[in-house]
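One structure is given below, encoded as structure tokens.
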Amino acid sequence: QQCGRQASGRLCGNRLCCSQWGYCGSTASYCGAGCQSQCRS
């Protein structure tokens, strides 16, 4: 895991979203339901 509660609350670089599973990305599967940080509003 790269971010979120699975990685001690770490944020993703490049303003990427953190998925519910703790990985960084910019697609809907990262930024949509369950997104932990830097999500699209």
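Just so it is clear, glycine is given a Cβ too, placed from its N, Cα and C backbone atoms.
Because the structure is a prediction, the values reported are computed rather than measured.
For Cys3, the cysteine that Swiss-Prot lists as its disulphide partner among Cys18, Cys31 is Cys18.
Taken residue by residue with DSSP, Cys24 (disulfide bond) is part of a strand. For the pair formed by Cys3 (disulfide bond) and Cys17 (disulfide bond), distance between Cα atoms is given as 9 Å, rounded to the nearest Å. Separation of the C-alpha atoms of Cys12 (disulfide bond) and Cys39 (disulfide bond): 11 Å, rounded to the nearest whole number. Rounded to a whole number, the C-alpha distance linking Cys24 (disulfide bond) with Cys17 (disulfide bond) is 6 angstrom. Contacts of Cys35 (disulfide bond) defined by a Cβ separation under 8 A and a same-chain sequence distance of 6+ are given as Cys17, Cys18, Ser19, Gln20, in order along the sequence.
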